[in-house]
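Some features that TrEMBL has for this protein:
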- 114-138: transmembrane segment (TRANSMEM)
- 144-160: transmembrane segment (TRANSMEM)
- 223-247: transmembrane segment (TRANSMEM)
- 307-326: transmembrane segment (TRANSMEM)
- 338-357: transmembrane segment (TRANSMEM)
- 385-405: transmembrane segment (TRANSMEM)
- 425-448: transmembrane segment (TRANSMEM)
- 460-478: transmembrane segment (TRANSMEM)
- 485-502: transmembrane segment (TRANSMEM)
- 522-547: transmembrane segment (TRANSMEM)
- 575-756: domain 'STAS' (DOMAIN)
Amino acid sequence: MPAPARFKRTPSQIKVTRGGRVLLDSSSRWSHDVDNAESESFVEDMVVIERPIYTQNDFDQGFDAGQRPKHTALSWMKGKVKKCECSAACVRKTVSHHLPFLSIMKEYNIKKDFLPDIIAGLTVGIMHIPQGMAYGLLSTLQPVYGLYVSFFPVILYFFLGTSKHISLGTFAVISLMVGSAVDKGLKDNNIVLKTWNQTVDNGGGNITFEIVDNSDEVETAKLMLAMSVTFIAGVIQILLGIFRLGFLTVYLSDPLISGFTTGAACHVFTSQIKHIFGIHTNRHSGVFKLIYTYIDIFTNLPHTKPVTLIASIVCMFILVIIKEYINANPKIKPKLFMPIPVELIVVVLGTIISYFAQLQEKYSVQNVGDIPIGLPVPNLNAFNYISDVIADSIAVAIVSFAISVSMSKIFAKKHNYAIDSNQELLAYGSCNIVSSFFSAFVSAASLSRSLIQEDVGGRTQVTGLVSSTLLLIVLLVVGPYFKTLPNCVLAAIILVALKGMFKQFADLIALWKISLFDFATWLVTFCATVFLDVDLGLLVGVVFALLTVIMKSQRPYSCLLGQVPGTDIYRDISVYKVAKEIPNIKIFRFDSAIFFANSEFFKNSLYKLTVDPYQLKKMQRKLDKRKKNEKQLLNLTIDSIGSADIPIPDSDRTDTLTSPPVIQNSEAKPPQFVSQVPTLTDIHYIIIDCSTMSYVDSMGVKVLQQVISEFRAFNITVYLAQCKSSVREMFVKTNFYKTESKNYLFVTIHDAVVSAQLHQWAVTGESLANTGISNTAGSSHEIDLDITIGEATSRAENVNDFNKSNGVRGIPQQDITSNPVIENTHI
């Protein structure tokens, strides 16, 4: 294939005819500017088009244009009813759609998929144990409730989910949001969580214990609040799925989610500092709670428990070394059968050391405490606090879905399968509703576990069944052995797991280089989440993101277009220096729909880049005043010379020529006693490129009518080119055509340009060669002008605006029906 050749301008042929008569036949064509002799033999591809000029009305009538199909809720229902069949195949299809595991398992290959799923399931199950306990503590509940979240939703998602690779269960941000909702619920119901310090002498020194009120009343209230949040979140997700509103997640952009999760990670980090240092801090909620928490932390730092701090540092050191330098090492990783389960190792070692060293009794190291054996019985008290947590539940439902479905789409794209967002909503909602009756809180996909599951070879959600089996063994047998597990070990696991979220600060640098709006969205969402609160931060982020969309659409880019010489292509003259404006014509493009929020900006941009009618009005007043003064001067001169017979030319006189119009290369001189009357503007036509306007609302139509009317007052004709069907439909609904002609809408910009140039010739007799008319590159392009000239004549006769315009422009009126004669012009 030859290299792309550069082009240079050489003569080519352009032909314009009327009724078989040649009106314009100039020369120009494109040829290759080749760099070597071999390229000269390359024959360039040509585009040769010969057709009439089309207005939109002519085009629609000539090609039998129909109405665009309308998509309404009623038509959607009718379509569903027509497709509904009471057959076995239809039932199987419906069941398979809502139970995706049937189609997945139908294609399941036991030889290829079963062993990788077993290995991935065991690996993820091992991760579930420490993370479930840690994030259970993060939600202000007992650690065992985190294990319930790692068990029940995972089983349900196997049957209902469409993703093959995400790991559902506990997630730091969601656990934090649930904990925040629980704290608010306790405060609203005047349930106070009391804590106090108690100091005892063990013979070798004083030991201070932090005593927490874990009475049944407080723990039950916290659990009921968490269950209520989970139930409401599930109901919301179910409703969104039923009404097929999965597309709403598009309003949660990647910068917004990144800024929000990074801000939430700061809250998670702060909540675990007290466990790392072994100190007591008051729980705060609401605006600026992070600041108040850090005030408490720095106030209580002198009371740090050395053994707790040392244990935390050792655990974090082990976690970082193994996760970063062994599991993630590209040289060592391929040699490992599976990633080293360092979190589980740290949990087991911490439990054993704490038990034998009696860390709680001797050094006041807080432990997890009793973990009940067995599965929880169904609890129907999830409705007790629903009215207190609705607002928080909405935020939790949306965030959990957005995070989970985003992760699902990443893996689906990587492994080439489809994700149904609406079915995912039904799956997440079902998981939350059912698990809320079994003492679990809201679940979501975990980034770390999902990456590990996919990395070790997990193929389907069979991995979830395997991990749930492992969790079941822990709940039925192993749970009580974690009684002496220090809380600082779980806190260390959480802090190290946050590393991936804090890496999102790098997104800020990248967004600064890419888009200022995305950068601002990330920063505003992050700051609002950190300084206000998690739920308020999400709300502020969504509102700000929508404002950026409004700002972009309210002040879009606008420009003037010029013609690429020798073609019918029009481009931005500020970008393409080769594009040239056509004399007496301005082509305006507005890169947005026109609606109530940007209609005024559209008008101002149009006036700024073309002609400002308000300035023309000022010029007209000055011109009228000048004419009045000159007339007074003329009368004064006549009176002074008495009845002398001096011929005075009438500046307002107009003659209608019945002979063929002739344009000569000489210019008429103004009368001796009257100065030359200047023209207000040399722009006679404005073409608005509507190709970028996806729709126009009623306010937009009014503004279009306004600018057309204001330009018409100064004999400037406005054409609309490339209007979409939605825009034309709005014109019909708003009675646009009662005041404006359909003949001013054109199929393409080039049709409008050629029509304007021929219209100008028909009215003024100006040579086409002087109008800069040009055609398709390298082609002999013949245009039939019979219809166009007739339309121009009709418009001039019916509207009769051109008599006034010629008077202002200083152009003699002509009979546009006569055949033109162009002198001193080579054709």
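Cβ atoms are placed via backbone N, Cα and C, with glycine included.
On a predicted model such as this, the values are computed, not experimentally measured, just so you know.
Here the transmembrane segment (114-138) has Cβ contacts under 8 Å with residues 144-147, 149-150, 167, 169-172, 175-176, 179, 268, 271-272, 337-339, 341, 343-344, 346-347, 368, 446, 448-449, 452-454, 456-460, 462-471, 474, 482, 485, 487, 490-491, 493-494, 497 of the same chain, all six or more residues outside its ends. Only sequence-distant pairs (6 or more apart) were considered; of these, at least three Cβ pairs between the transmembrane segment (223-247) and the transmembrane segment (425-448) are under 8 A, so the stretches are in contact.
Mean pLDDT across the domain 'STAS' (575-756) comes to 81 in this model. Counting same-chain residues at least six beyond the ends of the transmembrane segment (385-405), those with a Cβ under 8 angstroms from any Cβ of the stretch are 166, 168, 171, 173-174, 177-178, 180-181, 184-185, 188-189, 221, 224-225, 228-229, 231-234, 236-237, 240, 246, 248-249, 252, 257, 260-261, 419, 421, 424-425, 428, 432, 442-445, 534-535, 538-539. Under 8 Å from some Cβ of the transmembrane segment (338-357) lie the Cβ atoms of residues 119, 122-123, 126-127, 129-131, 133, 311, 315, 318-319, 322-323, 326-327, 365, 367, 452, 455-456, 481-482, 484-486, 489-490, 492-493, all in the same chain and six or more residues away from its ends. Within its own chain, the transmembrane segment (522-547) has Cβ neighbours under 8 Å at 173, 176-177, 180-181, 251-253, 255-256, 258-260, 262-264, 266-267, 285-291, 391-392, 395, 398-399, 507-508, 511, counting only residues six or more beyond its boundaries. Across 144-160, 307-326, 425-448, the stretch most heavily in contact with the transmembrane segment (485-502), judged by Cβ pairs under 8 Å, is 307-326. With a threshold of 8 Å between CB atoms, the same-chain residues lying at least 6 positions outside the transmembrane segment (144-160) that come near it are 98-101, 128-129, 131-137, 167-170, 175, 223, 226, 371-372, 376, 423, 426-428, 430-432, 434-435, 438-443, 461-462, 464-465, 467-468, 471-472, 474-475, 479.
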